[in-house]
Amino acid sequence: MKNLNLIWGLLLVLVITVIAFLIGHSEVMMTLNISTLTLAIVIGILCGNTFYPKVEHVTHLGVAFAKGKLLRLGIILYGFRITLQDIGQVGVNAVVADAIMLILTFIITCWIGIKILKVDKQIVFLTGAGCSICGAAAIIASEPVVKAPSYKVSVAVALIVIFGTIAMFLYPILYPILIDYINPHQFGIYIGSSVHEVAQVYAAGSNINPVVADIAVVSKMIRVMMLAPFLLVLSYFLHKDEKQKHAISIPYFALIFILVAVFNSFNLLPTEWVALLVQIDTILLMAAMAGLGLTTNLSTVKQAGLKPLLLGLFVFIWLVVGGFGINLLLYHLLG
């Protein structure tokens, strides 16, 4: 009986994943640069708030497997998207900008969200992870560490979608205004260090020129490399006050993610194999998002109110204004 529940649940997740994949690769969605991860959770939420409650009793094990085991495997395989050589392509400016933006963005998100707006702490931590590192992928990677319910994950992802989409159109508008102060190379780093999702970074950069787009994406991937140490630090601070009999939750999948990225840097696998692993990784992360969407109750999301939206807005303003200030400073200090 349990095996059937697992199978039916995974089949449901697979159907949603395939639909999201097909829609995501349509001409319209590719033009808009809407990520398949976003589509997977949106379709999952639609299903989760219509027919899923009627079939939950025969599918919940498979859905739980998707948003648990498949999520962790997806984060591990994410390491095949990056190499240590990426750092050399953009220089020390990108590494410093990414590190400063990650730390300050997470601290500012927590300060505004918890101290000023009094937003739920788990939503704040998830939003901080998404804004600081790599959007939805960072949010779902942080979910096992934060131990947040699905609806809080959906709230954080929604903020990334809203403000990341605005960023896609805003940065190309800002380029002719700000290029008098920094060069195209640093502007690419500015995009990569301050825009939420990888897809959104590429969209913003490609709407300017290919050179800026390439630098922006590489800079963004350096931010992605910081995901694992971020999760380790987050896990320590969230669980350090637990009683000694309860071990601190170490996200081992984050450590394996680093090892995979290091392994990938040696170019030991054929390019075709790596490309295939990246495709498999995308499908696994989509399946995880579909599972999260299925278990998200919209009525519970509504209870979060407008405060998370305000949090997303304030952090977005920081990313645009503060991000430029930091990149301007580094441009003059490091050249």
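We number each residue from 1, going along the chain as drawn.
Glycine is treated like the rest: Cβ placed from N, Cα and C.
Within its own chain, the transmembrane segment (6-24) has Cβ neighbours under 8 Å at 30, 34-36, 39-40, 42-44, 47, 52, 55, 58-66, 283, 286-287, 290-291, 293-294, counting only residues six or more beyond its boundaries. Annotation source TrEMBL lists transmembrane segment at 6-24 (among others).
Counting only same-chain residues 6+ beyond the ends of the transmembrane segment (31-52), those with a CB under 8 A from a CB of the stretch are 12, 16-17, 19-21, 23-25, 59, 135-137, 154, 157, 161, 168, 197-200, 202-203, 282, 285-287, 289-298. For 31-52 (among others), the entry in TrEMBL reads transmembrane segment.
Beyond the ends of the transmembrane segment (58-80), by six or more residues, the same chain brings 2, 4-13, 52, 137, 140-141, 143-144, 150, 224, 227, 253-254, 256-261, 263-264, 274, 277-278, 280-281, 284-285, 287-288, 290-292, 294-295 to within a C-beta distance below 8 angstroms of the stretch. The transmembrane segment annotation in TrEMBL covers 58-80 (among others).
Positions annotated as transmembrane segment by TrEMBL: 92-117 (among others).
Look at TrEMBL and you will find 123-141 (among others) tagged as transmembrane segment.
The transmembrane segment feature in TrEMBL is assigned to 153-174 (among others).
Look at TrEMBL and you will find 221-238 (among others) tagged as transmembrane segment. Residues 75, 78, 81-82, 86-87, 90, 94-95, 98-99, 101-102, 106, 125, 129, 132-134, 137-138, 141-142, 145-146, 192-193, 198, 248-251, 254-255, 257-258, 261 of the same chain sit 6 or more residues outside the transmembrane segment (221-238) yet have a Cβ under 8 Å from a Cβ within it.
The annotation transmembrane segment is assigned in TrEMBL to 250-269 (among others). Same-chain neighbours of the transmembrane segment (250-269): 72-73, 75-80, 82-85, 141, 144-145, 225, 227-229, 231-232, 235, 277, counting only residues six or more beyond its ends whose CB sits under 8 Å from a CB of the stretch.
Summarising the annotation, TrEMBL assigns transmembrane segment to 275-298 (among others).
Taking Cβ pairs closer than 8 Å, the transmembrane segment (310-334) reaches residues 92-93, 96-97, 100-101, 104-105, 108-109, 112-113, 117, 119, 123-124, 127-128, 131, 159-160, 162-163, 166-167, 170, 174, 178, 181-183, 186-187, 189-190, 193-196 in its own chain, all 6 or more past its ends. Residues or ranges marked as transmembrane segment in TrEMBL: 310-334 (among others).
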Who are the long-range neighbours of the transmembrane segment (123-141) in its own chain, taking Cβ under 8 Å and residues 6 or more past its ends?
35, 37-38, 41, 67, 71, 75, 78, 101-103, 105-106, 109-110, 113-114, 148, 152-153, 155-157, 159-161, 164, 196-198, 200, 220, 223-224, 226-227, 230-231, 234, 238, 251, 253-254, 285, 288-289, 292, 304, 308, 311-312, 315-316, 319
